[in-house]
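Residues annotated as ATP binding site in TrEMBL: A:Phe10, A:Ser11, A:Gly12, A:Gly13, A:Val14, A:Asp15, A:Ser16, A:Thr17, A:Thr18, A:Ala19, A:Leu20. According to TrEMBL, the Zn(2+) binding site annotation covers A:Cys198, A:Cys206, A:Cys209, A:Cys212.
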There are 2 protein chains.
Amino acid sequence: MSDKGALVLFSGGVDSTTALALAVSEMGSGSVTALSVSYGQKHVKEIEAAKKLSRYFNVRLIQLDLSEIFKFSGCSLLGRNSGEEIPKESYAEQLKKTNGSPVSTYVPFRNGLFLSAAAAYAMSLGADEILYGAHSDDAAGNAYPDCSEAFNTAMNTAIYEGTGGAVRIRAPFVGLTKAEVVRQGVGLGVPYELTWSCYEGQDEPCRVCGTCRDRRAAFLANGLDLY
Amino acid sequence: MSDKGALVLFSGGVDSTTALALAVSEMGSGSVTALSVSYGQKHVKEIEAAKKLSRYFNVRLIQLDLSEIFKFSGCSLLGRNSGEEIPKESYAEQLKKTNGSPVSTYVPFRNGLFLSAAAAYAMSLGADEILYGAHSDDAAGNAYPDCSEAFNTAMNTAIYEGTGGAVRIRAPFVGLTKAEVVRQGVGLGVPYELTWSCYEGQDEPCRVCGTCRDRRAAFLANGLDLY
């Protein structure tokens, strides 16, 4: 737990909203800042959800646009690549096709970049902890190599050393499945109906992309009938 | 040496220009991209130098503005903090006063952020190597913790793991002093008169800030009468 203040890497999805609720429950909303990064994703609904939820939790929200950095990427998540279809399969099925390479929704080194930006903000604001909603399902296979334990460990060391010991990453859910994250969130009173996960940029969740499927399963495992 | 292409983290200063010259000598200019990041620094002359030098070496230059991320920082390098004076002392003298904490020209986790952005670009462009001009003088004391060997090692691992093994950092000067970097650069024909290092945003180098002093000493050690 942080002494000085926490910065939560916050997308408005299930995992990072649970991390935000945890930080607020530990420290009070005045010591917590949420950082929401847009990167040219199709799902700008995420950003609307981040705004609603930061108001709900009464925390300061910093918004940052890093889409410029991904302008050469062919990732299917990016709005500019509107011809690229987002896979309608579970991650396990997608990984069979990629032969262990990252899936088409991998955004190049996104988490490394977001955590580095969070470290810069945290140090400027005098916060000593970055909260990050990584959990064990994300790291399965090699779908998202920037969610792996090897990545998380090295990035944590890089941030601790590179800030002269001023900032640490804390990933409280790293040993949990998404269903277990939701179980914790239910205990913390997270309003999951306000969160947004779908990769498609429509008004309603598509219910068939990998992230819609995963989210639905985690809710059902906790007796929540939500999409 | 890279197989597929190199991205050089490029400020237009002495060290990164030497790294750019090394990459071009190894691979040819068509396989090399330079990435120049502005972060709100007073010394925008750096960016002009980066443009001139990328034309000189005939490499593609990508320019990125990350100044938004540092808007809460009190670092004396940032143009917005125009009341903050840049120290007119060597780093060793500055460190005596900070008691081992970072010096006032430390920009929070700047190198971590720049390397992460470079990893994202490298992966999008199909380059497998990030060249980075870190050398042993930068890491002295704890002036810049994001230049330390512990940071470099961890960041290298984070980038390798987080890109699924697609991108590595290479810091060819990490065991060299700045004077030894210049010696290599002289052998590579680097036009050091086009580089810019001074932290003050004036037309001419101030000749008294830490980086002006270091640069001058490295040139003199190689028989170059330049500022």
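Every residue, even glycine, has its Cβ placed from backbone N, Cα and C.
Positions of TrEMBL features highlighted on the structure.
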residue: A:Phe10; record: ATP binding site; Cβ neighbours (10 Å): 32
residue: A:Gly12; record: ATP binding site; Cβ neighbours (10 Å): 25
residue: A:Val14; record: ATP binding site; Cβ neighbours (10 Å): 25
residue: A:Ser16; record: ATP binding site; Cβ neighbours (10 Å): 26
residue: A:Thr18; record: ATP binding site; Cβ neighbours (10 Å): 28
residue: A:Leu20; record: ATP binding site; Cβ neighbours (10 Å): 30
residue: A:Cys198; record: Zn(2+) binding site; Cβ neighbours (10 Å): 22
residue: A:Cys206; record: Zn(2+) binding site; Cβ neighbours (10 Å): 17
residue: A:Cys209; record: Zn(2+) binding site; Cβ neighbours (10 Å): 22
residue: A:Cys212; record: Zn(2+) binding site; Cβ neighbours (10 Å): 18
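Excluding the listed site residues A:Cys198, A:Cys206, A:Cys209, A:Cys212, the same chain places A:Ile86, A:Ser197, A:Tyr199, A:Glu200, A:Pro205, A:Arg207, A:Val208, A:Gly210, A:Thr211, A:Arg213 with Cβ atoms within 8 Å of the centre of the Zn(2+) site Cβ atoms. In three-state terms derived from DSSP, A:Thr18 (ATP binding site) belongs to a helical segment.
The Cβ centroid of A:Phe10, A:Ser11, A:Gly12, A:Gly13, A:Val14, A:Asp15, A:Ser16, A:Thr17, A:Thr18, A:Ala19, A:Leu20 marks the ATP site; residues of that chain outside this set whose Cβ lies within 8 Å of it are A:Val8, A:Leu53, A:Gly133, A:Thr195, given in sequence order. Looking only at Cα atoms, A:Cys212 (Zn(2+) binding site) sits nearest to A:Gly12 among the binding-site residues A:Phe10, A:Gly12, A:Leu20. A:Cys209 (Zn(2+) binding site) is 19 Å away from A:Ser16 (ATP binding site) when you measure Cα to Cα. When the Cα of A:Cys206 (Zn(2+) binding site) is compared against those of the binding-site residues A:Phe10, A:Gly12, A:Leu20, the shortest separation belongs to A:Gly12. On the backbone, the CA of A:Thr18 (ATP binding site) and the CA of A:Cys198 (Zn(2+) binding site) stand 17 Å apart.
Counting in whole angstrom, A:Cys198 (Zn(2+) binding site) lies 11 from A:Gly12 (ATP binding site) by their C-alpha atoms.
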